[in-house]
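Everything below concerns the one structure shown next.
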Amino acid sequence: MERNLKNVLVISFGFLLLFTAYGGLQSLQSSLHSEEGLGVASLSVLYAALILSSMFLPPILIKKLGCKWTIAGSMCCYIAFSLGNFYASWYTLIPTSVILGLGGAPLWSAKCTYLTIAGNSYAEKAGKNGKDIINQYFGVFFLIFQSSGIWGNLISSLIFSQASNKVEISEENLVCCGAYDCMTNTTNTTGSTEPSNSLIYTLLGIYTASGVLAVLLVIIFLDQIKSDQAETEKETLETPSFWSTFLATFQHLTDKRQCLLIPLTMYSGFEQGFLSGDYTKAYVTCALGIHYVGYVMICFSAVNSLCSLLFGKISQFTGRKLLFALATVTNTACIIALLLWKPHPKQLAVFFVFPALWGLSDAIWQTQTNGLYGILFEKHKEAAFANYRLWESLGFVIAFGYSTKLQVYIKLYILLSVLMLSMVTYGVVEYIEAKSSPGTPTDTKKENIGPLTQETHM
């Protein structure tokens, strides 16, 4: 096997193992650690740390340690989070959330840098176009990586379904499920008792082992970047000083189009935060039990992956405006339906319809918003995507931050309000673009943004 392709596969399967654990844990935080809102608080802190990490750490660590050891070291930060879940408290989960957040940005940046260098290196030897090889490598990576959401959630559901203490949820307790939740620990009040400690420890043991295997895979099988490649890496990372990069992120806000895209970018964090933090707890765990959370999130991940591939291909024919309209209508319909629906175990299929539709919408928000940034800010990509990561992460922080303070129906109204504002400001951006370049439809332009797409998925 060609050595560069082997390295791509090592990184891909390393990320698969690592995010099998992290993805499963993230979906369970609000249900597993619902007491005093510890689970969602840890996720809020995690994304706040990610914001700081994105601004400062990646260039320094990659320069000092190189891509291989930055990847290995950052993966250890994720393992720390798994270990923190063994004895979950404010003194263990919050610090390990900070550690994971700080490791998140260097991990993704080092992965992007490594795959880009590997692609250029092979293209130079084979006499091929560098961008084509890089896109192929990223295609292989995401094909393998995207399935992590399925495996992590499948493991959790299979383990929790072994629980012997499942109880029938009474009609009286079901009143506390859904949009008008009782603002209490739904996992306990509904009688859907928490899984035993032995099952929780079994799950966490599997997740921790998965993370350790990912680190060992990278340390043992991933090649160091050769000296000639290191020079390329050095040039790639020879960016202006730290503070100038930091300032460039905020200087980019002088572009009014960037300011107008802030609500849309934050909405991406809000909607993902609602699904993993509120829907899983107030609807799924409350009415069905925690062992169904994994199956529901598998549905979301599978539809999201398929639709990301589909919409990425058809956007050149439909244009992004039509896709954004589809996502808006779908999300709006889901929000209104969630406000009206009273979840009941007899309506099992409905619990899967919402994450499927949410996955369809999220696929559009991710692919098209990334593409929009790449096209609008072609000359200032670095600052633009730094803003993307900043505002989306801030959306996550806010969504998880108020998760335990407000009833679900209020959060749904907030979500709907942010969505409507996002579409108004996005419409203004399209108007500005159409006015500035008449006769050149910007939504049909193509832009190579492979290395940057999906970085915000931790």
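Heads up, residue numbers simply count up from 1 along the chain you see.
Glycine is treated like the rest: Cβ placed from N, Cα and C.
Note that this is a predicted model, so its numbers are computed, not measured.
If you check TrEMBL, you get these features:
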| type | residues | note |
| --- | --- | --- |
| TRANSMEM | 39-57 | transmembrane segment |
| TRANSMEM | 69-88 | transmembrane segment |
| TRANSMEM | 94-117 | transmembrane segment |
| TRANSMEM | 137-160 | transmembrane segment |
| TRANSMEM | 199-222 | transmembrane segment |
| TRANSMEM | 289-311 | transmembrane segment |
| TRANSMEM | 323-341 | transmembrane segment |
| TRANSMEM | 347-365 | transmembrane segment |
| TRANSMEM | 410-429 | transmembrane segment |
| REGION | 437-458 | region 'Disordered' |
Report task. Between the transmembrane segment (69-88) and the stretches 39-57, 199-222, 289-311, 323-341, work out which stretch tops the count of Cβ pairs under 8 Å. Result -> 199-222
Query raised in the report: Do any residues of this chain, six or more beyond the ends of the transmembrane segment (39-57), have a C-beta under 8 angstroms from a C-beta of it, and if so which?
Result: 26, 28-33, 81, 90, 93-94, 96-106, 242, 245-246, 249, 269, 273, 276-277, 386, 389-390, 393-394, 396-397, 400-401, 403-404, 458
Query raised in the report: What residues in the same chain, six or more past the boundaries of the transmembrane segment (94-117), come closer than 8 Å to it by Cβ-Cβ distance?
Result: 7-8, 11, 15, 22, 41-43, 45-54, 57-59, 61-62, 67-68, 70-71, 73-78, 80-81, 83-85, 134, 137-138, 141, 225, 229, 232-233, 236-237, 389, 451-452, 455, 458
Query raised in the report: When you scan the chain for residues with a C-beta under 8 Å from the transmembrane segment (137-160), skipping those not six or more beyond its ends, what do you find?
Result: 4-5, 8-9, 11-13, 15-16, 18-25, 27-28, 111, 115, 118-119, 195, 199, 202-203, 206-207, 289-295, 297-298, 300-302, 304-305, 308, 450-451, 453-454
Query raised in the report: Same chain, outside the transmembrane segment (410-429) by at least 6, Cβ under 8 Å from its Cβ: which residues?
Result: 179, 257, 260-264, 266-267, 270-271, 274, 278, 324, 328, 331-332, 335-336, 338-339, 376, 399, 402-403
